[in-house]
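Data first, discussion second: the structure below is written as C-alpha coordinates.
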Amino acid sequence: MHQKERTRKRENTMKALVINGPNLNMLGIREPGIYGTETYETLVQICQDAAGDLGFDGVEVFQSNHEGAIVDRIQEAYGSVDGIVINPAAYTHTSVAILDALKAVSLPAVEVHISAVEDREDFRQISYAGMACFARVTGEGLQGYAHALKLLAEKLAK
Ligand code: DHK
(Lines of atoms letter the chains of each structure in order from A and count residues from 1; the text may use other names and numbers.)
(Lines give C-alpha, C1' and ligand atoms only; values in the text may rest on other atoms or scores of the structure.)
Protein backbone atom coordinates (compact mmCIF):
# COMPACT_ATOMS: atom_id res chain seq x y z
CA MET A 1 0.00 0.00 0.00
CA HIS A 2 1.25 3.45 -0.90
CA GLN A 3 2.19 5.71 2.08
CA LYS A 4 -0.44 8.31 1.20
CA GLU A 5 -3.15 5.64 1.19
CA ARG A 6 -1.92 4.21 4.53
CA THR A 7 -2.16 7.65 6.13
CA ARG A 8 -5.66 8.10 4.68
CA LYS A 9 -6.84 4.76 6.08
CA ARG A 10 -5.71 5.78 9.59
CA GLU A 11 -7.90 8.89 9.46
CA ASN A 12 -11.43 7.85 10.34
CA THR A 13 -13.15 10.40 8.14
CA MET A 14 -15.19 10.17 4.95
CA LYS A 15 -14.43 12.72 2.29
CA ALA A 16 -16.06 13.08 -1.11
CA LEU A 17 -14.98 14.85 -4.25
CA VAL A 18 -17.52 16.03 -6.84
CA ILE A 19 -16.03 16.74 -10.26
CA ASN A 20 -17.81 18.68 -12.99
CA GLY A 21 -16.61 19.01 -16.55
CA PRO A 22 -16.91 21.67 -19.22
CA ASN A 23 -19.79 24.14 -19.45
CA LEU A 24 -21.38 23.07 -16.17
CA ASN A 25 -20.25 26.44 -14.76
CA MET A 26 -22.79 27.90 -17.21
CA LEU A 27 -25.78 26.26 -15.52
CA GLY A 28 -28.78 28.59 -15.49
CA ILE A 29 -27.69 30.24 -18.73
CA ARG A 30 -26.88 27.20 -20.80
CA GLU A 31 -29.72 25.43 -22.66
CA PRO A 32 -32.25 25.80 -19.79
CA GLY A 33 -34.69 23.44 -21.53
CA ILE A 34 -32.16 20.64 -20.98
CA TYR A 35 -30.15 21.67 -17.92
CA GLY A 36 -32.72 23.79 -16.05
CA THR A 37 -32.60 27.34 -14.75
CA GLU A 38 -30.70 26.78 -11.50
CA THR A 39 -27.13 28.00 -11.28
CA TYR A 40 -23.81 26.29 -10.58
CA GLU A 41 -23.84 27.87 -7.10
CA THR A 42 -27.10 26.01 -6.40
CA LEU A 43 -25.47 22.78 -7.54
CA VAL A 44 -22.56 23.35 -5.13
CA GLN A 45 -25.06 24.01 -2.30
CA ILE A 46 -27.00 20.83 -3.12
CA CYS A 47 -23.76 18.80 -2.92
CA GLN A 48 -22.70 20.42 0.36
CA ASP A 49 -26.12 19.90 1.97
CA ALA A 50 -26.36 16.29 0.78
CA ALA A 51 -22.82 15.48 1.92
CA GLY A 52 -23.58 16.91 5.39
CA ASP A 53 -26.85 14.96 5.64
CA LEU A 54 -25.15 11.73 4.54
CA GLY A 55 -22.40 11.97 7.13
CA PHE A 56 -19.48 12.99 4.93
CA ASP A 57 -16.87 14.96 6.86
CA GLY A 58 -16.16 17.08 3.83
CA VAL A 59 -16.94 17.53 0.17
CA GLU A 60 -15.07 19.49 -2.45
CA VAL A 61 -16.98 20.49 -5.56
CA PHE A 62 -14.54 21.02 -8.41
CA GLN A 63 -15.26 22.28 -11.92
CA SER A 64 -13.01 22.67 -14.93
CA ASN A 65 -13.40 23.20 -18.64
CA HIS A 66 -10.04 21.48 -19.23
CA GLU A 67 -9.51 17.76 -19.61
CA GLY A 68 -5.98 17.79 -18.16
CA ALA A 69 -7.10 19.73 -15.08
CA ILE A 70 -9.74 17.07 -14.44
CA VAL A 71 -7.12 14.32 -14.82
CA ASP A 72 -4.85 16.23 -12.38
CA ARG A 73 -7.66 16.59 -9.82
CA ILE A 74 -8.49 12.87 -10.01
CA GLN A 75 -4.82 12.00 -9.46
CA GLU A 76 -4.63 14.37 -6.47
CA ALA A 77 -7.65 12.59 -4.98
CA TYR A 78 -5.55 9.48 -4.43
CA GLY A 79 -4.97 9.12 -0.71
CA SER A 80 -6.93 12.26 0.20
CA VAL A 81 -10.58 11.47 -0.59
CA ASP A 82 -12.66 8.31 -0.18
CA GLY A 83 -14.86 8.52 -3.25
CA ILE A 84 -15.77 10.53 -6.31
CA VAL A 85 -18.98 11.72 -7.95
CA ILE A 86 -18.20 12.77 -11.50
CA ASN A 87 -20.04 14.48 -14.31
CA PRO A 88 -17.37 14.75 -17.00
CA ALA A 89 -19.96 16.53 -19.21
CA ALA A 90 -18.86 16.41 -22.87
CA TYR A 91 -15.66 14.57 -21.88
CA THR A 92 -17.87 11.67 -20.82
CA HIS A 93 -18.17 10.72 -24.46
CA THR A 94 -14.57 11.34 -25.57
CA SER A 95 -12.05 11.06 -22.77
CA VAL A 96 -10.04 7.88 -22.34
CA ALA A 97 -7.66 10.02 -20.23
CA ILE A 98 -10.35 10.62 -17.58
CA LEU A 99 -11.29 6.92 -17.66
CA ASP A 100 -7.63 5.96 -17.17
CA ALA A 101 -7.23 8.46 -14.30
CA LEU A 102 -10.27 7.00 -12.51
CA LYS A 103 -8.87 3.52 -12.99
CA ALA A 104 -5.43 4.66 -11.80
CA VAL A 105 -6.66 5.95 -8.44
CA SER A 106 -9.18 3.10 -8.13
CA LEU A 107 -11.52 5.08 -5.87
CA PRO A 108 -15.24 4.24 -5.78
CA ALA A 109 -16.90 6.56 -8.27
CA VAL A 110 -20.44 7.39 -9.34
CA GLU A 111 -21.20 8.89 -12.75
CA VAL A 112 -23.89 11.57 -12.79
CA HIS A 113 -25.60 13.51 -15.56
CA ILE A 114 -28.21 16.21 -15.20
CA SER A 115 -30.04 15.24 -18.38
CA ALA A 116 -31.28 11.81 -19.46
CA VAL A 117 -28.30 11.21 -21.75
CA GLU A 118 -29.69 7.84 -22.79
CA ASP A 119 -32.58 9.65 -24.53
CA ARG A 120 -30.32 12.11 -26.38
CA GLU A 121 -28.05 12.01 -29.46
CA ASP A 122 -26.14 8.90 -30.54
CA PHE A 123 -22.79 10.55 -29.77
CA ARG A 124 -23.82 10.82 -26.11
CA GLN A 125 -24.48 7.08 -25.81
CA ILE A 126 -20.88 6.10 -25.07
CA SER A 127 -19.50 6.85 -21.63
CA TYR A 128 -15.79 6.23 -21.12
CA ALA A 129 -15.72 7.49 -17.52
CA GLY A 130 -18.73 5.31 -16.74
CA MET A 131 -16.58 2.24 -17.33
CA ALA A 132 -14.72 3.04 -14.10
CA CYS A 133 -17.86 3.88 -12.07
CA PHE A 134 -19.94 1.48 -9.97
CA ALA A 135 -23.19 3.40 -10.49
CA ARG A 136 -24.80 5.93 -12.81
CA VAL A 137 -27.47 8.57 -12.15
CA THR A 138 -29.08 10.36 -15.11
CA GLY A 139 -32.08 12.58 -15.79
CA GLU A 140 -32.70 13.67 -12.20
CA GLY A 141 -31.59 17.26 -12.67
CA LEU A 142 -29.34 18.82 -10.03
CA GLN A 143 -30.85 16.58 -7.33
CA GLY A 144 -29.16 13.70 -9.13
CA TYR A 145 -25.94 14.79 -7.39
CA ALA A 146 -27.56 14.21 -3.98
CA HIS A 147 -28.65 10.77 -5.21
CA ALA A 148 -25.13 10.03 -6.46
CA LEU A 149 -23.60 11.07 -3.12
CA LYS A 150 -26.09 8.77 -1.35
CA LEU A 151 -25.02 5.83 -3.52
CA LEU A 152 -21.39 6.67 -2.73
CA ALA A 153 -22.06 6.87 1.02
CA GLU A 154 -23.82 3.49 0.91
CA LYS A 155 -20.90 1.94 -0.96
CA LEU A 156 -18.37 3.37 1.52
CA ALA A 157 -20.42 2.09 4.48
CA LYS A 158 -20.05 -1.51 3.24
C1 DHK B 1 -23.62 17.47 -19.51
C2 DHK B 1 -23.02 17.83 -20.67
O3 DHK B 1 -22.34 18.96 -20.74
C4 DHK B 1 -23.13 17.02 -21.88
O5 DHK B 1 -22.01 17.14 -22.71
C6 DHK B 1 -23.42 15.57 -21.58
C7 DHK B 1 -24.25 16.15 -19.33
C8 DHK B 1 -24.58 15.46 -20.61
C9 DHK B 1 -25.39 16.21 -18.32
O10 DHK B 1 -26.52 15.86 -18.64
O11 DHK B 1 -25.12 16.61 -17.18
O12 DHK B 1 -23.69 14.89 -22.76
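Every residue gets a Cβ built from N, Cα and C, even glycine.
Copied over from TrEMBL:
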type	residues	note
SITE	R30	site 'Transition state stabilizer'
ACT_SITE	Y35	active site, proton acceptor
BINDING	N87, H93, D100, I114, S115, R124	substrate binding site
ACT_SITE	H113	active site, proton donor
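Features recorded in TrEMBL, as mapped to the structure shown.
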| residue | record | contacts (Cβ under 8 Å, 6+ apart) |
| --- | --- | --- |
| R30 | site 'Transition state stabilizer' | N23 |
| Y35 | active site, proton acceptor | L27, I114, S115 |
| N87 | substrate binding site | I19, N20, G21, L24, E111, V112, H113, I114, Y145 |
| H93 | substrate binding site | F123, R124, Q125, I126, S127, Y128 |
| D100 | substrate binding site | none |
Identify which of the following recorded positions, namely R30, Y35, D100, place a Cβ less than 6 Å away from any atom of ligand 1, and list them by sequence position. none
When the recorded positions H113, R124 are compared by other Cβ atoms within 10 Å, fewest goes to R124
